[in-house]
């Protein structure tokens with residue numbers, strides 16, 4: 001892997017065949033290296049928008065409004081916080097647009113930290129993503145899907161936990177199979193479910209506006225009366241930003257995006273204002289219908305809203321939540337596999353993660369591994385506690401990526417930057433994020449400290465598994481045997497990157 005950083009080898013960007021439907025991976029010939037097989041760019045602008053919108057709009061907008069209002073106890077400040085979370089997420093996404101167009105590798109935070117601060121920092125980001133962040137995120141969203149999908153069959157009580165876990169496992173396995181079969185099919189799933197969840201939210205907005213138009217405005221009396229302590233405001237932002245999670249996921253698949261210099265920023269400019277506007281209007285609709293006591297006592301405010309507004313059709317709301325989270329699982333699964341493939345291309349993960357199907361160009365071994373890790377998480381009782389440990393670390397890695405952007409401006413001033421955001425934007429974003437991370441952890445530092453400790457536990461693994469070059473021969477034989485077995489079973493081949501991370 002040392003040679004890759006040293007020789008600066010890069011390949012030209014992959015262009016589709018003249019007919020636009022080449023069945024096989026593109027081959028690129030490099031001087032002194034023979035033929036390399038790289039991915040085609042199959043994702044369109046619409047697919048990019050669907051990935052961002054479909055990943056952001058999961059369970060959060062149906063559940064998080066209660067969390068924001070619980071800490072603020074104010075209708076007006078809740079709506080302001082939702083708007084501020086959208087603006088903050090948009091600023092972060094614009095900074096990532098500069099990173100994604102100057103470093104056009106898949107991998108998101110991992111790729112940017114690797115380029116800016118070196119292989120150890122990049123590996124640690126990949127370490128926590130592989131073991132905890134991606135599997136737990138997929139598991140939690142799949143559990144949310146399963147709970148709401150089963151809810152119509154258990155009107156008077158919660159669905160049995162075993163049934164919910166079994167349905168979540170079916171969801172994970174089904175979407176893994178779809179992603180293994182075809183990139184186009186998985187993107188069709190993403191597009192269809194994104195449209196479905198947008199229609200559901202528009203239906204909620206229209207119902208809320210109708211209620212407001214009839215003069216029902218009692219819930220908006222004294223809108224600014226509430227709790228404004230720094231701790232509560234910080235936790236309210238956490239709940240709001242949870243619902244905006246996923247704004248940077250398109251950066252994890254940049255290499256498969258057509259014309260990323262144009263389509264990456266365009267997708268961000270379309271998706272982020274769209275999601276922010278919908279979220280604010282949906283919360284306005286919630287407040288128009290759901291009283292303050294009902295808001296505080298509801299675990300899923302959308303269900304309470306549906307019961308009051310839609311009458312006999314209220315059963316549709318849990319179904320819409322299930323469909324929304326189903327699309328969310330698909331988006332996380334799609335981007336996770338590409339992140340691990342990028343790690344393997346850089347020598348930070350075993351070679352079998354780099355295997356893609358010969359014709360469909362889907363990372364089958366990586367997808368199966370991701371699914372198995374998520375299924376293992378279903379067996380644990382504390383999956384939600386695990387994600388709590390890493391929420392602060394995850395935000396700090398985003399801050400580190402944007403700090404890396406500023407460092408690269410100084411370290412590599414000649415690096416092509418089709419987009420260059422104003423210096424004030426990354427500084428504002430990093431300041432707010434660090435403040436939001438530190439505010440709750442001053443009184444409850446355990447989660448942050450445990451997350452940092454598990455992250456640093458990856459350092460010995462880096463030096464033993466990555467930096468140590470003179471490994472025993474049995475290690476190489478085992479690695480090659482796994483690769484050859486995956487090749488034979490799944491009809492896969494090693495896919496190289498379109499360009500190197502220097």
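A Cβ is built for glycine as well, from the same backbone N, Cα and C atoms used for every other residue.
The transmembrane segment feature in TrEMBL is assigned to 45-67 (among others).
TrEMBL lists 79-99 (among others) with the feature transmembrane segment.
TrEMBL lists 111-133 (among others) with the feature transmembrane segment.
Sequence-distant contacts of the transmembrane segment (163-183), counting only residues of its own chain at least 6 positions beyond either end whose CB sits under 8 Å from a CB of the stretch, comprise 42-43, 138-139, 142-143, 145-147, 149-150, 189, 256, 326, 329-330, 333-334, 337, 357, 360-362, 364, 367-368, 370-371, 374-375, 378. Look at TrEMBL and you will find 163-183 (among others) tagged as transmembrane segment.
Here TrEMBL flags 195-213 (among others) as transmembrane segment.
Per TrEMBL, transmembrane segment is recorded for 233-254 (among others).
Residues or ranges marked as transmembrane segment in TrEMBL: 266-289 (among others). Sequence-distant contacts of the transmembrane segment (266-289) (same chain, six or more residues past either end, CB-CB distance under 8 Å): 45, 48-49, 51-53, 56-57, 61, 65, 68, 75, 78-79, 82-83, 85-87, 89-90, 93-94, 96-97, 198, 201-202, 204-205, 207-209, 211-212, 216-217, 219-220, 243-244, 247, 250, 295, 301-302, 305, 308-309.
According to TrEMBL, the feature transmembrane segment maps to 309-341 (among others).
When Cβ-Cβ distances below 8 Å are used as the criterion, the transmembrane segment (362-380) is approached by residues 130-131, 134-136, 138-139, 142-143, 165, 168-169, 172-173, 176, 179-183, 186, 333, 336-338, 340-341, 344, 352-353, 355-356, 386, 486, 490, 492, 495 of the same chain, each at least six residues removed from its ends. Annotated transmembrane segment per TrEMBL: 362-380 (among others), in sequence order.
Annotation source TrEMBL lists transmembrane segment at 386-409 (among others). Residues of the same chain lying 6 or more positions beyond the ends of the transmembrane segment (386-409) and with a Cβ under 8 Å from any Cβ of it are 92, 95-96, 98-99, 102, 108-109, 112-113, 115-117, 121, 125, 128, 132-133, 136-137, 140, 238, 248, 377, 380, 415, 423, 426, 429-430, 433-434, 436-437, 441, 447-448, 450-452, 454-455.
The transmembrane segment annotation in TrEMBL covers 421-442 (among others).
Per TrEMBL, transmembrane segment is recorded for 448-468 (among others). Same-chain residues lying 6+ beyond the ends of the transmembrane segment (448-468) with a Cβ under 8 Å from its Cβ atoms: 1, 119-120, 123-124, 127-128, 131-132, 347-348, 389-393, 437, 441.
Among the listed stretches 45-67, 79-99, 111-133, 309-341, 421-442, the one sharing the most Cβ pairs under 8 Å with the transmembrane segment (233-254) is 45-67. Beyond the ends of the transmembrane segment (45-67), by six or more residues, the same chain brings 78, 93, 141, 144-145, 187, 190-191, 193-194, 197-198, 201, 235-236, 238-240, 242-247, 249-250, 253, 257-258, 263-264, 266-268, 270-272, 274-275, 278-279, 282-283, 286, 295-296, 298-303, 321, 324-325, 327-328, 330-332, 334-335 to within a C-beta distance below 8 angstroms of the stretch. Here the listed stretches are 79-99, 111-133, 195-213, 309-341, and the one with the most C-beta pairs under 8 angstroms to the transmembrane segment (421-442) is 79-99.
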